[in-house]
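Written out below as structure tokens is the structure these notes cover.
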Amino acid sequence: MGDMANSSIEFHPKPQQQREAPHAGGFGCTLAELRSLMELRGAEALQKVQEAYGDVSGLCRRLKTSPTEGLANNANDLEKRRQIYGQNFIPPKQPKTFLQLVWEALQDVTLIILEVAAIVSLGLSFYAPPGEESEACGNVSAGAEDEGEAEAGWIEGAAILLSVTCVVLVTAFNDWSKERQFRGLQSRIEQEQRFSVIRDGQLLQVPVAALVVGDIAQVKYGDLLPADGVLIQGNDLKIDESSLTGESDHVRKSADKDPMLLSGTHVMEGSGRMVVTAVGVNSQTGIIFTLLGAGGEEEEKKDKKGKQQDGAMESSQTKAKKQDGAVAMEMQPLKSAEGGEMEEREKKKASVPKKEKSVLQGKLTKLAVQIGKAGLVMSAITVIILVLYFVIETFVVDGRVWLAECTPVYVQYFVKFFIIGVTVLVVAVPEGLPLAVTISLAYSVKKMMRDNNLVRHLDACETMGNATAICSDKTGTLTTNRMTVVQSYLGDTHYKEVPAPSTLTPKILDLLVHAISINSAYTTKILPPEKEGALPRQVGNKTECALLGFVLDLKRDFQPVREQIPEDKLYKVYTFNSVRKSMSTVIRMPDGGFRLFSKGASEILLKKCSNILNSHGELRGFRPRDRDDMVKKIIEPMACDGLRTICIAYRDFAAAQEPDWDNENEVVGDLTCIAVVGIEDPVRPEVPEAIRKCQRAGITVRMVTGDNINTARAIAAKCGIIQPGEDFLCLEGKEFNRRIRNEKGEIEQERLDKVWPKLRVLARSSPTDKHTLVKGIIDSNTGEQRQVVAVTGDGTNDGPALKKADVGFAMGIAGTDVAKEASDIILTDDNFTSIVKAVMWGRNVYDSISKFLQFQLTVNVVAVIVAFTGACITQDSPLKAVQMLWVNLIMDTFASLALATEPPTEALLLRKPYGRDKPLISRTMMKNILGHAVYQLTIIFTLLFVGELFFDIDSGRNAPLHSPPSEHYTIIFNTFVMMQLFNEINARKIHGERNVFHGIFSNPIFCTIVLGTFAIQIVIVQFGGKPFSCSPLSTEQWLWCLFVGVGELVWGQVIATIPTSQLKCLKEAGHGPGKDEMTDEELAEGEEEIDHAERELRRGQILWFRGLNRIQTQMEVVSTFKRSASFQGAVRRRSSVLSQLHDVTNLSTPTHAILSAANPTSAAGSDLGALCLATRWQCRDPDSGGSKGTRCERSGW
């Protein structure tokens, strides 16, 4: 055996395996054997197990584990298993080093231009033209009075390089700390995931990373399997293996047909026990990860080949969405501890954003492109004017000849003009925007963790601020999820409290105890309280806990019954799922016959009952009329008290008549009702207030539940979701479907639009109904703006609805792994109030970005105009390159830190959501930006042209090259910075509030940055000297600068007095990509579009694009309609058409393409949509049935 183990290891030169002991540590299986076993499927695998080990028990013996007791909880044994078979951990990719991040930050185009200009400037400054010919070159080199000054010419170039270094280091440091935060978040998500294993006969929840080969793991509905294993015993187990095989059909697993369970697959139905046979890099998912280079040495090569696939953050200069695309991947839990999904999925998530681009990113990208274009134009004009002015003055007016020896002097001038042009561009391009967004989101995410929101996708936090509708589950979210039986109907009697055992017939009591104890998951238990006086602990499914609690209240115990009939003696189990809404278990009786116990939703199960037990425990007939009576007299009153009603029933089969167990409808029928119980799940005390806050904030809360409609209505009224006297709808799933479907059974958006605005409660709903409702609300065009929908879910089948919603919340405690996987935010306390906190944080992010924009755009406007006009009138920018870079640092990096970290306040919940179409820059903000710009420009131009008279100093205008810094220009620079500092305080309020100091001390970061900037400014002015082109100022001059700065606060009050409504001329800016301008399809191509937005900043071929696009897309559509049977051509060209389309949609007349995309899986439907968009066709999709339902009509260019 030892030799074999050794030889087999040679084929797998993995680090762990080389250390393996020759005899496999005394275990009867080698790692290689187990790996090869797990590569087999179905009958082949079963045959291999039987040949090599006899059966699964034989495999357990070889692995020194017990199928029922599990491993001994012995640290040495567990460690030994980890040494031999590996840990359940897939090593994550290496994070980027600080130097890599510095290198990425250096890739920014504007910085590269500056670096080149600075190096040219440096080179030229060391070249001194021969002295005697300086006359011939004109007065260009005059002013370099002494040699010291002439030699100081290199300082400007060096200072620019130094500033660039500063900007790069700050950017890289931000990226690095952000990366660390995300890694921390991932490890938190990993630690959250636990799995049930049996050790020493005890059921324990262990972190997924602690699983070892030989562990006996409990598998149940909703799990994401964290390791490979062989099934020992299973009940109705169905697995979704699509993450490994791509096949979407669920695979039925059983110990006697196909026992192989693979890591990364989802349990869709049933339960069972498996022995773990492969973990970490040796599991099927781990092997794929290793092939992809996530766990091996190939990683470095992989990195070099495709950096985009790395989850690490890109340079903050790369515009907002590109970043968030990377973030979206970063925020996925690294499946290291989960051994989870395949990396292909990760890559898809990284390259295509999870959903359409978030609202904020759409608006910001557009704004950044517009500002960038304007800056590019201004800087180009500045350079052209400066060069022309110089050439005309020197060679035309003064009539000089270009002499060869003067070339370096002239070139030096041209370089100076070029540097001025570039600094205008640097100040104009808002590269701080993505930084502000990231800082704001990262800060919020960190703080939201304290509010029990674990954010998995960064943009979800911001989208939540725009939420207009929340579709919430009832159980556990609005209620406490601590269930107890409070009413019951037993033996023809309705008990309003738990009956005394003596009042019940022994037969009924015995049947009831057996039905509850056996027909519930054996993992569900009631344990004694942890502390004195506390309530008993409920473990497992809460409804089943309530029933087991009822058994204990009847002074009986469920444990002896379970010991008498252990789980592996159960003959057949039909596990609970959302379609059945019931669970049934079959046991073999001593006489050879069978008994089936069933429990489920009362109105569903009662329809299958033909008998009921009377007060003596004898059968009596149960006709439809009796059932209607019971519904009216027992079930409806219970439901109106807000109770969930569960029916418990049984059926006996004689030994001779064994039924076909696969025919479930036949088996679970003709039942005898034992009891109906009413289970109370009290509303969480804090929920009504939270719902009131939501309603005040303009958010509609809807309850979507699988419960009875009366129960749901009663709970909704207690929560405040429905108010007496309001016009609202409470529907059952069946009625909802009847109202929204046409005669053919297809969903029609028009019908849905009549239902959802008034719908408040959807009861007895299936997960499909939930998805339909969410999709219908999102696709609706009835209101002024598109709805932004948040959804909560905990079950496996909630996955589609969670994915479709703008923000999906999964339950951290009750949620299944599948639900968590599909969600954006995990509620670690399952509490509705945490959702309200998420709304608050989301709105805060939005406001933080607006504050930053208000501040930055004021600086942008002023700096660009000053540099431009100053350069044109005085041939020199009043603000020098290095000073501009300092201003840029203040307004980009520091301001984004200061304004993006404002804590949220309750006041945020007093206004309506902004919605998708609300512009980022409101008219009030535009008034503030222009108002403050007017003040600042007036002051600066006054100082520029008459400042020397006012302060009685030498004028700094028209100074020759290399002249020493003037006091005049230093005062202008200092005043400019002071005004920005005080305007930063004004920028804290964006809704026209007067008190700009309100809550300023609750944000220490803001105070620190403002004071720190002020201190650095003093150092720069007093001691900056030549590098910063500053001359020290006197106290009086400083006081004047401060006085003008404080004037900003006074001027802010003046602006606040002007009513915005009077200023009709003001335009808003930063509109969201409107309904008629961008479609879901196009937004889904977010990544390309952002790259395109970046390219656009550097492109002048817009008209050419527009013409080309029209021709291209017209041809595309014509040819596509010719071969209307297939849209394949469209599929191939869509991405390029859409990435270029952004030009057309941005610059031509507004388009009118409304695309409620067809079902995403239907390539044909979505591509027809994309093409309609290109040619201004109007598309509506009346149902989600793919291309056949898509109607298009032409709506004009």
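Positions of Cβ are set from backbone N, Cα and C atoms, glycine also.
Here TrEMBL gives transmembrane segment for one range in the set 107-124, 161-178, 197-214, 971-988: that range is 971-988. Listed by sequence, the residues of this chain that lie at least six past the ends of the transmembrane segment (1000-1025) yet keep a Cβ under 8 A from its Cβ atoms are 886, 890, 894-895, 897-899, 901-903, 965, 970, 973-974, 977-978, 981, 984-985, 988, 1031-1033. Outside the transmembrane segment (929-951), and at least 6 residues removed from its termini, the chain residues within Cβ reach (under 8 Å) are 854, 857-858, 861-862, 865-866, 869-870, 874, 878, 921, 957, 967-968, 971-972, 975-976, 979, 983, 986, 1037, 1040, 1044, 1047-1048, 1051-1052, 1054-1055, 1058, 1066. Residues 927-928, 931-932, 935-936, 939, 951, 967, 971, 974-975, 978-979, 981-983, 985-986, 992-994, 996 of the same chain lie 6 or more positions beyond the ends of the transmembrane segment (1037-1058) yet place their CB under 8 Å from a CB of it. Across the domain 'Cation-transporting P-type ATPase N-terminal' (50-126), DSSP classifies residues as 47 helix, 3 strand, 27 coil. Sequence-distant neighbours of the transmembrane segment (852-873) (same chain, 6+ residues past either end, Cβ-Cβ under 8 Å): 367, 371, 375, 378, 381-382, 385-386, 389, 417, 420, 423-424, 427-428, 430, 432-433, 436, 440, 879, 884, 887, 891-892, 895-896, 899-900, 920-921, 925, 928-930, 932-933, 936-937, 940-941, 944, 976, 980, 983-984, 987, 990, 1070. In the predicted model, the domain 'Cation-transporting P-type ATPase N-terminal' (50-126) has a mean pLDDT of 80.
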